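*Asks:* Pulled these features from Swiss-Prot for this protein:
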- 105-250: domain 'PA14' (DOMAIN)
- Asn79: N-linked glycosylation site (CARBOHYD)
- Asn117: N-linked glycosylation site (CARBOHYD)
- Asn323: N-linked glycosylation site (CARBOHYD)
- Asn396: N-linked glycosylation site (CARBOHYD)
- Asn428: N-linked glycosylation site (CARBOHYD)
- Asn474: N-linked glycosylation site (CARBOHYD)
- Asn500: N-linked glycosylation site (CARBOHYD)
- Asn645: N-linked glycosylation site (CARBOHYD)
- Asn779: N-linked glycosylation site (CARBOHYD)
- 1-21: signal peptide (SIGNAL)
Amino acid sequence: MKKIILMLLLFSIFFILKSESQNTLVLNALIYDNTPSRNPDFEASGSVGVQKNLVKSVLGSDGTPVYCCGNSPSATIHNQTTFQSWFHNVPGVNLPIQKDIILTQSLSNPNIYSYSNDSYFVIDGQGFDDKSVYPNERVYRDAFGNPHNFHFCLQAHTEFQYKTGDVFNFAGDDDVWVFINNILVVDLGGIHTIASASVNLDLLGLTPGQNYPFDFFYCERHTVESHIRIETSLAFKCPRYDECGVCEGDGTSCCTPNNCDNNPIYRTNCITAKCSNNVCVTSAPYCSSTEPCTVGLCTPGVGCSVVPKNCVNENHCTQDSCNSTINACQHDPIPDCINCAYIGCITTDYCNEQVCSADGRSCETRPKNCDDLNFCTVDTCSNGVCIYTRIDNCVNCTGPGIGCITTDQCNPNVCSPDGNSCIIQPKNCSDGNACNDPSCVSGGMCMLTPVNCDDGDDCTFDSCSSTVGCIHTNISNCVECQNIACITTDFCNVKICINNGTTCDTVPKTCDDGDSCTIDSCVSPSGACLYEPIANCVNCGGNQCITTDFCLPLICGPDGVTCAVEPKKCDDFNPCTFDSCISPQGDCGNAPIPGCVACNEILGCTTTDPCHPITCSAIGDQCVSTDKDCEDGNHCTINSCQNNNGTATCLNSLITHCTDCPGIGCTTTDFCFQQVCSATDGDVCTTVPLNCDDGLQCTVDSCIGPMGVCSHIAIAPKCLECALEPCITTDNCQPVICGPDGRCIQETIEDFCDDYNYCTVDTCTGVGCEHASISGCRNCTNGIGCTTPSDDACNLQVCSETGDSCLTMVLNCDDNNDCTEDKCLNTGICQNNPIDGCVTPSPVSIGGTIPPTTTGVSQVECDCCPIGQKCLLVNGHEICIKPATTGGIPELTTGCAGTTTGRATGHYTESGTGNPHLCDRYHCKRGMECHVVNGVPECLPSNYKCLDCLDLHCERQGDFTCFMVKNPNFISSKHSCYGESCCKFTPVCKPKGHSL
């Protein structure tokens, strides 16, 4: 979304300067650089527009806005914790940066000051945008692909003297809040497009001529542009103006068109410069382009030019171009392309795939493998699909690459026994039957033709044997008639010739004995008569009465001619038997009825379910049903009866997780609450909760049902078990420890991250200590550091002799030549320009002088220079100066040798020898002392005493040398170590030539 940064007064420390002629206002402020990876409020998704009431209407007690909603989210703000880093220093989350902004007086209305910048990226390359310090932070870019720092918050605080008619106008986007007299007068919160506001101070009830506080807060939280536009008539205070009318100016801002607007150095280096009220206002080097798909290019020494936008990416499988409609690069994927190291390989024939070469610089064709290892198929590829066409009449052989194809089905091609060749094997159509004549016809079909065995003799039987062929057997009882044979095979049916011997006729044999209860027949083929009695047959007047079911036998009726039925009786007069006649044999069946009890000769009681037996009543006149008793006396069983094929089986199933009590069964369904027998009443169950207490205060103990699993969850990652309560540390810079009374206390660590170097800025980030060096700073002896500005190296800030204050020492550039004009440049370089027409006077012998030093430090009295000698403090070291006995340069000598204790700071060297000056200018706080450890001065606790190689004198032990090794007992905290445990290294003697 488009960003228009709205700023008036920037950041925490805010000095606004104003001149008599009202040319400019200089705004000094503090900016807090944030990043989306550390605070999700920045680059938040969505655009919700202007959202009011995100902060309370009255400024907080610390001079910053108060978030509306505590720990609850609102639109693009997550909670109070994330909002805290907007306007407060939170190490590890944000970075503070000082910046200025200059408002210019209006030419048409001297009471109005304004500032406008449509590319206001105030901290590009700084803070989290500095890749030399934060290489892993993401780079955010504008619509043209240029990297910028889009995520920061600023605050500004000042006073103004109210006058009637005062106004304050601005336009911009994202969060802006303005407080006048601690009351909110502008409320433009949220991520939004450009929004404007105007404040008429006459409506605020202010008193003319009276001073009021003015507090301004702004956050830029989203890509992709940044603008600022300000107009105000407020009379902000300024203590001093220079001759150019610049508030707190240095007198160098006056300019002319020649050295500003038309300066070729600016133009050829892509810098826009313009004189405004004698101030040369310059921009950062920047080249723009208004044509789509082009960008501005700055060539130092030449100027701006327009070049096509480079849309080529590292993917060789995209079609890279610039879309002039949206003025943006687009990368269209190339179908069927493989991205190689230096080229893209495109496959157009899917049967011949394009792949990367081994070095990635060219493409290689890889034909698709369609071999199915079947020698009876034709393998081809079409559009990347393998096609396998079957070869008709083909047989795969076992040999390599062998397939045998048959073209004549009567003479097929088959595999040889070894499978390595094809042989012709004529088709065998014989079925092994001598009665068939085999042959093979077209298409490989077998034909079997029957053999003709007819011998033309009617009284021979012509047949064929599958093994011997045709057989001609004489036919017995054959009468040869005219062209026909009449053969008697059954003498119950004799064959004779009729019709003049042209046909045969059959004459049946008669066999009747006149008895209706016999079956008369002729026995073939012998022709003998047979008279068989009919079983169970009664001859009733020539009629047959045959009994087939002896339960229903047939007898002659009263007339002696017809048949009558006489049923068989089988009653045994027992009510518990089933009486029946068994057909057809007529046997009586009196089967006992299972489970039947005879109550009398008529009534029987039958049990069909053995679990519910049927018995006779007491007087035997009726049947009574009862239940089988399966009770086992156990309260933790389910008792039942089961009918197993007529047998009653008692089932006593145990109830799981049940305890058998005297009068009840107690069943547990949730093992977090076990059911047990009551100790006082055997008919009652008691619930006993599972004890999951692990005895630790830093865990939350619970039972997970129904399985009864104990859970012990830590209440915090860093928790200490103290006597009376758990102690939780949430901030590594403020650890919580156990107090003497067993309760939690905040551990007081004085100067936790203080490295005792007054030329560093020490902070605790929650992860570790950070020590940022202060450029141009020197440590003094008594607790201060003196910093020389980088733009004023001619005025060195040096330590006073006592080390408790800073002195300004002007760099001496006098070259003792009367014919040069001597001056010092701001960079600290002396410049000695010859004076035209000047004649150098003859040399005159004079007393010795003290040569200038690179530090410009004057002479002071030193601790141990010989009497009559002076010294210079050069980079914190004493250099003694011996006066010259004759004219010329004094002689520089070394400082004092031996040891020193410094000035009331307890400084001393390790072994009492060596260079004492390493600690002489190294200041340590109370309770700390300076020690030279391995040739480096360090502030360590007063109880520290470490040895080094000078203490051991390994050379006195013979052919030995000394090594410094890591101390295994070293304690890194300078507040917790004592004696040897404060030493990082300890010396050991080893034979020469030995290596660690």
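We number each residue from 1, going along the chain as drawn.
Just so it is clear, glycine is given a Cβ too, placed from its N, Cα and C backbone atoms.
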*Asks:* Taking every residue in the domain 'PA14' (105-250), what is their average pLDDT?
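*Replies:* Averaged over the domain 'PA14' (105-250), the predicted model reaches a pLDDT of 86.
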*Asks:* What Cα-Cα separation, expressed in whole Å, is found between Asn79 (N-linked glycosylation site) and Asn117 (N-linked glycosylation site)?
*Replies:* 32
*Asks:* May I ask for the distance between Asn396 (N-linked glycosylation site) and Asn428 (N-linked glycosylation site), taken between their Cα atoms and rounded to an integer number of Å?
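*Replies:* Asn396 (N-linked glycosylation site) and Asn428 (N-linked glycosylation site) have their Cα atoms 22 Å apart.
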*Asks:* Fill in the CA-CA distance, Asn117 (N-linked glycosylation site) to Asn779 (N-linked glycosylation site), as an integer in Å.
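*Replies:* It is 41 Å, counting Cα to Cα.
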*Asks:* Could you tell me which of these glycosylation sites, Asn474, Asn779, has the fewest other Cβ atoms within 10 Å of its Cβ?
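*Replies:* Sparsest of the glycosylation sites Asn474, Asn779 by Cβ contacts within 10 Å: Asn474.
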*Asks:* Compare the C-alpha of Asn645 (N-linked glycosylation site) with the C-alpha of each of the glycosylation sites Asn323, Asn428, Asn474, Asn779, and give the closest one.
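*Replies:* Checked the glycosylation sites Asn323, Asn428, Asn474, Asn779; minimum Cα distance to Asn645 (N-linked glycosylation site) goes to Asn428.
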*Asks:* Measuring CA to CA, name the entry from the glycosylation sites Asn323, Asn428, Asn474, Asn500 that ends up nearest Asn779 (N-linked glycosylation site).
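*Replies:* For Asn779 (N-linked glycosylation site), the spatially nearest of the glycosylation sites is Asn323.
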*Asks:* Closest of the glycosylation sites to Asn428 (N-linked glycosylation site), Cα to Cα, picking from Asn323, Asn474, Asn500?
*Replies:* Asn474
*Asks:* For the glycosylation sites listed here, Asn79, Asn500, which shows the highest count of neighbouring CB atoms within 10 A?
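*Replies:* When each Cβ's neighbours within 10 Å are tallied, Asn79 tops the list.
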*Asks:* Which residue, out of the glycosylation sites Asn117, Asn323, Asn396, Asn428, Asn645, shows the minimum number of other Cβ atoms inside 10 Å of its Cβ in this structure?
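*Replies:* The glycosylation sites Asn117, Asn323, Asn396, Asn428, Asn645 were compared, and Asn645 has the fewest Cβ atoms within 10 Å.
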*Asks:* About how far apart, in whole Å, are the alpha carbons (Cα) of Asn500 (N-linked glycosylation site) and Asn323 (N-linked glycosylation site)?
*Replies:* 121
*Asks:* Asn323 (N-linked glycosylation site) to Asn474 (N-linked glycosylation site): how many Å between their Cα atoms?
*Replies:* 112
*Asks:* Which three-state DSSP class does Asn396 (N-linked glycosylation site) fall into?
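*Replies:* SS state of Asn396 (N-linked glycosylation site) = strand.
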